[in-house]
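Novice: Below are the features listed in TrEMBL for this protein:
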ACT_SITE  LYS11  active site
DOMAIN    66-144  domain 'GHMP kinase N-terminal'
BINDING   PRO94, ILE95, ALA96, ALA97, GLY98, LEU99, ALA100, GLY101, GLY102, SER103, ALA104  ATP binding site
ACT_SITE  ASP136  active site
DOMAIN    208-272  domain 'GHMP kinase C-terminal'
Amino acid sequence: MDSLVLNAPAKINLALQVQKLREDGFHELKMIMQSISLADKIKLSKSSEGISLSSSSNELPLDNSNLAFKAAESFFSANQVEGGVEIYLEKNIPIAAGLAGGSADAAAVMRGLYKLFELEEQTAKVKSLLAQLGSDIPYCLHGGTVYATGRGEVLEQLPELDKKHLLVVTPAVKLATPTVYKQYDNLAAESEFNFEAILKNLKFEEKVNWSLDYKNDLQPAAESLCPQIKEVEELLKESGAEFTLLSGSGPSVFAVYPLAKQAEQAAKNWPRKTDFITAAETIPSY
Ligand code: ATP
């Protein structure tokens with residue numbers, strides 16, 4: 001095999017609870033992660049030596065500050081293989097949007113390189129390499145519906161959800177994750193929702209019960225930095241969504257609709273022309 005193409009799916013958070021601040025400056029988290037059909041596409045081709053990266057996006061660096069590049073560096077430093085790789089990144093996931101696009105790319109590059117060079121995937125080794133690059137990357141290796149703790153790298157697979165029809169709306173504002181956490185600390189609000197009840201719902205019951213308080217503790221902080229989030233959420237509710245929430249540190253908001261055609265209709269009629277908007281669905285682990 002000389003080349004291969006992979007999907008790098010985005011994630012949303014069905015719930016996110018912020019716990020205590022650790023000595024290393026990161027917060028402990030409890031999150032429900034869910035992968036969705038919105039995805040970057042990555043083509044990997046064997047080359048004679050080194051790593052090269054090109055992309056459809058002109059907003060991203062193409063050097064070793066790109067997470068896709070970093071993942072390839074980790075792969076080659078951990079494995080003795082002949083040759084190098086050319087990476088092409090078709091960027092479809094909005095950048096710095098709370099959808100873990102960079103993490104998805106890094107995880108897909110790592111999965112792909114193991115396939116391309118026909119090596120057995122050494123899961124523990126790969127996961128510890130990837131966790132050093134970013135907290136969401138270990139999750140992005142397999143995706144699906146997952147309960148994540150620690151900084152997001154301690155993972156427990158949950159039963160697969162029945163397919164949910166979504167609209168993902170990203171206002172044209174980039175929110176850096178550390179800035180949102182800083183604002184969260186400034187606001188000093190206590191989490192008030194019952195994460196255990198949500199976990200129980202997803203583990204033991206067949207249907208997601210949205211009337212439980214599925215929440216994201218980062219939402220007030222993100223809204224105070226980006227007031228458009230509130231406006232987007234209100235519009236999504238008016239368009240017939242049964243549930244809406246901020247994803248990760250934002251500014252993306254996702255909405256769940258009973259029917260796919262309702263999501264498509266809402267996308268078609270969306271009034272805020274500067275937003276990135278896409279109909280998507282939840283996907284199982286890959
Ligand atoms: P998360 O939800 O994991 O916090 P995010 O969706 O908010 O992530 P990303 O799109 O992953 O944010 O990008 C975060 C930062 O990483 C950006 O500032 C971007 O410049 C940098 N970055 C590096 N490599 C990539 C990549 N391949 N794709 C997207 N961003 C990248």
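Positions of Cβ are set from backbone N, Cα and C atoms, glycine also.
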Novice: Just checking: which of the recorded positions LYS11, PRO94, GLY98, ALA100, GLY102 have a C-beta under 6 Å from ligand 1?
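Specialist: Cβ under 6 Å from ligand 1: GLY98, ALA100, GLY102.
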Novice: What are the helix, strand and coil residue counts for the domain 'GHMP kinase N-terminal' (66-144) according to DSSP?
Specialist: 45 helix, 7 strand, 27 coil
Novice: Under the DSSP assignment, what numbers of helix, strand and coil residues are found in the domain 'GHMP kinase C-terminal' (208-272)?
Specialist: 27 helix, 10 strand, 28 coil
Novice: Reported as an integer number of Å, what is the Cα distance between PRO94 (ATP binding site) and LYS11 (active site)?
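Specialist: So the Cα of LYS11 (active site) lies 12 Å away from that of PRO94 (ATP binding site).
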Novice: Pop the Cα-Cα gap between LYS11 (active site) and ALA96 (ATP binding site) into the table, whole Å please.
Specialist: 13
Novice: Most Cβ neighbours within 10 Å: which of the binding-site residues PRO94, GLY98, GLY102 is it?
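Specialist: Its Cβ has the most other Cβ atoms within 10 Å: GLY98.
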Novice: Check each residue in the chain of ASP136 (active site) that is at least six apart in sequence and keep those whose C-beta is under 8 Å from its C-beta; list them in sequence order.
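Specialist: Residues satisfying the criterion: LYS11, MET33, ALA100, SER103, GLY152.
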Novice: Taking the Cβ of ALA104 (ATP binding site) as the reference point, list residues of the same chain whose Cβ is under 8 angstroms away and which are at least six residues distant in sequence.
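Specialist: Listed in sequence order, they are ALA8, PRO9, ALA10, LYS11, ALA39, ASP40, ILE93, CYS140.
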Novice: Around the ATP site formed by PRO94, ILE95, ALA96, ALA97, GLY98, LEU99, ALA100, GLY101, GLY102, SER103, ALA104, which additional residues qualify by having Cβ within 8 Å of the site's Cβ center?
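Specialist: Checked against the 8 Å cutoff, the neighbours are ALA10, ILE93, GLY248.
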Novice: Let me spell it out: for each of the binding-site residues (ALA96, ALA100), count the other Cβ atoms within 10 Å of that residue's Cβ, using every protein chain shown. Which one has the most?
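Specialist: Answer by Cβ density within 10 Å: ALA100.
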Novice: If H, G and I count as helix, E and B as strand, and all else as coil, what does DSSP give for LYS11 (active site)?
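Specialist: LYS11 (active site) sits in a strand per DSSP.
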Novice: Pop the mean pLDDT for the domain 'GHMP kinase C-terminal' (208-272) in here, whole number is fine.
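Specialist: Reported value for the domain 'GHMP kinase C-terminal' (208-272) is a mean pLDDT of 97.
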